[in-house]
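Per Swiss-Prot, the feature [2Fe-2S] cluster binding site maps to CYS200, CYS205, CYS208, CYS216; the stated evidence is sequence analysis. The domain 'FAD-binding FR-type' annotation in Swiss-Prot covers 1-87, and the record cites sequence analysis as its basis.
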Amino acid sequence: MLRRVTLKETWEVAKNIKAFRFDEKLDFTPGQFIMVWLPGVNEKPFSLADKDLIVVKRVGPFTSKLFTLEEGDYLWIRGPYGNGFKEVKGKVALVAGGIGIPPIYALAKHGKLEEKVLIYGARGKDELALLDIENYVDEIVITTDDGSYGIKGFPTDVLAKRKEEFSQVYACGPEIMLAKVLEIMNYERTQISAERYMKCGIGICGSCALGPYLVCRDGPVFTGEQLKDTEFGKFTRLPDGRIKGLR
């Protein structure tokens, strides 16, 4: 059921990326999402970065409208929905690419993991968000495509060199990056936060189909084994149902 929340604060965390904190603390598992409704605009899913926080990149009409909201304005939300990350013992890698950082941030902050290594990449220094995540991990490795901060390259470059260290890899980011993570790990010891176009968020409409799964109901977090024989990393579906290749 939709419920109204009030924005307590909003702030810019990186280039074209904004944080929105609201006045309700949600009981959630890192990796779960909420549906956010703006009257007269649309409704969209966002992974929770914290109990009362979403972090959003401006990419279209909905997020552009969201960016105009300020402290004291209202949002309408429902959820949390979906299946989140399952915690595994040992040293783990948290791999984030671009705006894939929010659920990884939530896992770093709230997960009771033994040893956490964050591998986080963005196009450039100005697109790195939520860097206070360093307070919740044991090691942080930053990569940028242009070399403006940290190591020049991609998170998967780092993972490929260190994959044997980790009992589990948790990842969220662009699908091409996630497909590479699965390839590096041979679809083993991985939990991936997947994205598909989503309408209902509760497993009714089928818009977010991914192989035999519905992302909203069965995900958004999947194991590598679940994704191995699906189209993940090969093609996705547009809002009108058309297939779009990813490579």
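Glycine is no exception: its Cβ is also placed from the backbone N, Cα and C atoms.
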Additional residues surrounding [2Fe-2S] cluster, by Cβ distance to the CYS200, CYS205, CYS208, CYS216 centre under 8 Å: MET198, LYS199, GLY201, ILE202, GLY203, ILE204, GLY206, SER207, LEU214, VAL215, ARG217
Helix, strand and coil totals (DSSP H, G, I; E, B; other) for the domain 'FAD-binding FR-type' (1-87): 6 helix, 47 strand, 34 coil
For the domain 'FAD-binding FR-type' (1-87), the mean pLDDT of the predicted model: 97
Site with most surrounding Cβ atoms, counting all protein chains shown within 10 Å, from the binding-site residues CYS200, CYS208: CYS208
Among CYS205, CYS216 [binding-site residues], residue with fewest other Cβ within 10 Å: CYS205
